[in-house]
Amino acid sequence: MSDRLTLLRPDDWHIHLRDGAVLPHTVGDAARTFGRAIIMPNLVPPVRNAAEADAYRQRILAARPAGSRFEPLMVLYLTDNTSPEDVRAAKASGFVHAAKLYPAGATTNSDSGVTSIDKIFPALEAMAEVGMLLLVHGEVTRAEIDVFDREKAFIDEHLTRVVERFPTLKVVFEHITTRDAVQFVEAASANVGATITAHHLLYNRNHMLVGGIRPHFYCLPILKRNVHQEALLDAATSGNVKFFLGTDSAPHAKHAKEAACGCAGCYTAFAAIELYAEAFEQRNALDKLEAFASFHGPDFYGLPRNTDSITLVREEWTVPASLPLGENSVVPLRAGETLRWKLLEGQA
């Protein structure tokens, strides 16, 4: 069993950096490991066009640690009013790589999202024409649908129809959480891929609910049964090029998580690759981690792979109880617990 693991530098194909005073902390945590990251656009107000994406990009670049080459890959936030012209202008910018479908009300800051999939068909047609990827938060939001069933319902009611209607559109089914989603992606064309988070590989709903409610495991899409967790582990460690790394690292201040009505999101960027390594090692599949973390994502996006590398060492360390987040603090996943892998510093 090797005590060192060297990988081509990975990228994060789904991350929330937030905005304002927190950026030096969130960008710094992402940049220590990742060469690039797909930046979620669900700010308030959201990132709806190329000009807003450029302004946000400049704020991220200004927050990078000294000497960092971390590259933010920007994303448009689709609304009912997103036009084909918005899509074409964003594609022409060179720095907007995708557009994100949030069903209205599905997750944090999604109130401006899409109320009916049909309303964005003109935008999707333009995206297919210019080669812009569609990123999907795949959950329905109707109150009568159980929260644990919302991903499967989205596949049945919407996603199947979208990929059939727009066969040349590249689609990323983000942060998949169910066996149903794995099977859908496996059966779909080569234009459909999926990201998988570290927390959905490492945990299931028992970890969140048995013995007390653990708010720092609460995320959307919510953790599912262990049979779904096993399906995700199978997919991530299979070597299938359709599955790749996307942390969905989503910081919320401690007081917003530890509350009567707590926010959804797990903060993992501080030790993302270490968490993935632990999940892959559980499956004796560390030899598959590099492809999942460093090859499949850029290949799907049509971007070059990174050329530098990172090294992990087998060394136990304790995750801090909290980390700075602007004027507040964030409780990271596994706070106060031990991780078995550690990133060698000074590699950015």
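The backbone N, Cα and C atoms fix where each Cβ goes, glycine too.
Annotated substrate-binding residues in Swiss-Prot are HIS16, LEU17, ARG18, ASN42, HIS137, LEU220, ALA264, and among HIS207, HIS252, HIS255 the one listed with them is HIS252. Site annotation (Swiss-Prot): Zn(2+) 1 is bound by HIS14, HIS16, LYS100, and the candidate from ASP234, ASP248, ASP287 recorded at this site is ASP248. Cross-referencing HIS175, HIS199 with the Zn(2+) 2 binding residues that Swiss-Prot gives (LYS100, HIS137) picks out HIS175. Among the recorded positions HIS137, HIS175, ASP248, the ones whose Cα sits within 10 Å of the Cα of HIS14 (Zn(2+) 1 binding site) are HIS175, ASP248.
Straight-line distance linking the Cα atoms of ARG18 (substrate binding site) and HIS175 (Zn(2+) 2 binding site), rounded to a whole number, equals 18 Å.
Around the Cβ of HIS175 (Zn(2+) 2 binding site), the number of neighbouring Cβ atoms within 10 Å comes to 26. For the binding-site residues HIS137, HIS175, LEU220, ALA264, a Cα to Cα distance of within 10 angstroms from HIS16 (Zn(2+) 1 binding site) holds for none.
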